[in-house]
Structure formats: structure tokens, C-alpha cells
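Enquirer: Input: one structure, supplied below.
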């Protein structure tokens, strides 16, 4: 399905299904007691969505080497990346709130369960923004599991293409207080101008001392749809109906780090291989068939 300005989705289709796929990856890496992360809610959330192949993956019942012998190494590398990515943002939130930031905003929160699994400091308010059906599904599913937030969780049921800043304020957000912003796994699904607007909105809502973290994919300007189609074929063989080329907005766009620095944010960046090494995992080798190429993890503070 080709993206449009007003397209919608649930957690089993379009962009929503990618959130379920990411949660399945978190479920896999959480099976290792000594692993980088522990997300006990990932597998039950994936099961509740009901995509059979992803449920099998989340439950450790999908034989990657048997079903995808020629792609197994890449799939394993992608799962390792989910561990690294999740750890990066977990650490980001704990560092920011540990230094006294009292509110956090998770943009396009999907099946993110940090409001339920991270040890937030007392009094922390976590806002989750996503489409109404996504918010309702996750809230209901976690309630059925008996899960309780480890923070004051406030949901903001709105599409990021609508006036989410107004909805966030209406939910009690305080723009005069420092905020920890997170845009995990989001930018590739935004047109370039929407990415700029997102950061403009974040900046206008941020008090000094606020922090932001996201990933940036420099190669989107040279995006190769054919390589993305190959990735889609791998997903299809797994039994997952996600058409990656139709979901990603590519073309020239501002570097997220550079754009924020022009607004007074002090930014740091780390390449994918740097994070793998930091967290004790073997860095992935260069993959000529990777449709996204390098991924840069960035974070920064508004001075």
C-alpha cells in the first residue's frame, strides 16, 4: 500500500506492523537472561496483535536458519540491532531522568513498554503519543496482563500529522519544565518536511535542559527501492506482509543532528558499530544489500 497524507493503520498493517516487528525483535533478545535488555511485555503484545510469523518469532518457535537459510545472518543482525537500539534509548531515558528531567515524551510510541518496565524516578510523567487505535490496543492489552506503569503514564491519542503539541499540552504537559524527547524508529516514515516540522515543534515545546534522542539514516537520499524490495521478499517468506519500499519516505533531507544544532541543541552522535562495541556485541560488517545503510544514533541537550 502506497503511503498517502492521510493514511491510517493498525498494529497488523502498514507502519503499525513495523512496530509489531520491532517488538518481536525485543521479545527475542529478552529471552537471554544475560542479554542487553529485558522487555517482558514484548512477546504478549506481539501475540495479541496476532501476526502468526511474528508471534512464532517472539515465542522462540521460528526456525530462522530453516525458513530463511540465505538471509539468516541478516535477520540475526537485525535482531541484535533491536537489542542495541533499545538499550541506547533505555539508557538515554535513565540518564535524563536521573539528572532531574521530570517528564518524558515518546513520539509514535507503538508497542513501546518503557512506561511499564523502566525504573523511573518517583514522580516522573511519561507521555505516549500515537494513533488512537494503537494507544487503546496497548493500554487494554497490558491492563489484561495485570501490568501497571512504573511512572505516571499519560496517553495522547493523536496522529503526529495533526496538532499533537496542543493535544500534549491538554494532557498536562508542562513546556516550562525540561523534557526527555524520544523519536525512536520514526524519521524514515516521515517526509523530509515533516521531519523538520517535528523538530520545530519539539524545540518550541522545550525548556532549557531538555533532551532529545533519535536515529538518522543518511542514505535515505540515495535510497534504493530494489534493495528494499529484497527485504520485503524476506519478510514475505517469513509470512509477514510488510511492503517496506512503500512505507519509507526517501530523498534529500536535513541531518537531524545538524538541524537541531542550528536551534541551540548540543548534539552527540554514535554510529551503529560504535554502539555494538559499547554494548559488547560484534559490530556488523558492511552489507551492500542493506537498503538503509548506516544508522546514526543521536542525542542532545538544549542549552
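Positions of Cβ are set from backbone N, Cα and C atoms, glycine also.
I grabbed these lines from Swiss-Prot:
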- 130, 159, 160: S-adenosyl-L-methionine binding site (BINDING)
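Walk me through where these features lie, including what they touch and how far apart they are.
Expert: Sequence-distant neighbours of residue 130 (S-adenosyl-L-methionine binding site) (same chain, six or more apart, CB under 8 Å from its CB) are 108, 109, 110, 156, 157, listed in sequence order.
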Enquirer: The record names 130, 159, 160 as the residues that bind S-adenosyl-L-methionine; what is their largest Cα to Cα distance in Å?
Expert: 7
Enquirer: Using the centroid of the Cβ atoms of 130, 159, 160 as reference, list every other same-chain residue with Cβ within 8 Å of it (recorded S-adenosyl-L-methionine site), in sequence order.
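Expert: Nearby residues not in the site list: 107, 108, 129, 131, 134, 158, 161, 162, 164.
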Enquirer: If you draw a 10 Å sphere on the Cβ of residue 159 (S-adenosyl-L-methionine binding site), how many other Cβ atoms land inside?
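Expert: Neighbour count, Cβ to Cβ under the 10 Å cut-off: 17.
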Enquirer: How many neighbouring Cβ atoms, not counting its own, are there within 10 Å of the Cβ of residue 160 (S-adenosyl-L-methionine binding site)?
Expert: 19
